[in-house]
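S.K.: In case it helps, Swiss-Prot gives these features for our protein:
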- 1-122: topological domain 'Cytoplasmic' (TOPO_DOM)
- M1: N-acetylmethionine (MOD_RES)
- 71-104: repeat 'TPR' (REPEAT)
- 123-143: transmembrane segment (TRANSMEM)
- 144-152: topological domain 'Mitochondrial intermembrane' (TOPO_DOM)
Amino acid sequence: MEAVLNELVSVEDLLKFEKKFQSEKAAGSVSKSTQFEYAWCLVRSKYNDDIRKGIVLLEELLPKGSKEEQRDYVFYLAVGNYRLKEYEKALKYVRGLLQTEPQNNQAKELERLIDKAMKKDGLVGMAIVGGMALGVAGLAGLIGLAVSKSKS
């Protein structure tokens with residue numbers, strides 16, 4: 001599962017599917033499969049703007065798809081949001097998938113990895129806030145020391 005989350009699309013694939021998508025769009029109608037393939041590539045990009053664009057395309061597809069297609073759309077919506085560190089949204093999608101398919105092992109593993117990332121980022125966030133608080137307290141102490149010495 002971690003391989004799926006960390007996999008990057010090749011530039012060649014991204015360009016190939018973008019060209020196909022743009023060609024169909026210019027002709028007036030993009031097929032669901034073409035839109036999904038392009039979105040799937042975008043979600044695996046190393047650029048956050050591409051990932052966001054892929055998420056938008058997947059969200060557009062969601063109401064149009066069959067049950068099987070929706071499962072894929074929701075899964076990659078969770079993956080895209082995970083890659084953007086939008087863990088709450090990623091969890092929303094993966095838990096929705098687990099409601100309809102409680103035995104889906106891929107979704108269970110993705111949920112576990114999202115929870116793990118949230119805990120890790122939460123701890124890192126707390127450490128940063130704690131470090132900033134110590135820095136402010138230290139600075140206040142130095143200012144207090146300087147003021148008391150200047151009065152002496």
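Cβ coordinates are placed from backbone N, Cα and C, and glycine is handled just like the others.
Walk me through where these features lie, including what they touch and how far apart they are.
M.R.: DSSP gives M1 (N-acetylmethionine) a coil state; it is part of no helix or strand. For M1 (N-acetylmethionine), the same-chain residues that are 6 or more apart in sequence and have a Cβ closer than 8 Å to its Cβ are Q106, E109, L110, L113.
Here the repeat 'TPR' (71-104) is broken down by DSSP into helix, strand and coil counts: 27 helix, 0 strand, 7 coil.
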S.K.: Residues sitting near the repeat 'TPR' (71-104): Cβ under 8 Å, six or more positions beyond its termini, same chain?
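M.R.: Contacts of the repeat 'TPR' (71-104) (Cβ under 8 Å, skipping residues fewer than 6 from its ends): 4-5, 36, 39-40, 43, 48, 51-52, 54-55, 58-59, 61-62, 65, 110-111, 113-115, 117-118, 121.
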S.K.: Across the repeat 'TPR' (71-104), what does the pLDDT come to on average, as a whole number?
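M.R.: Mean pLDDT for the repeat 'TPR' (71-104): 94.
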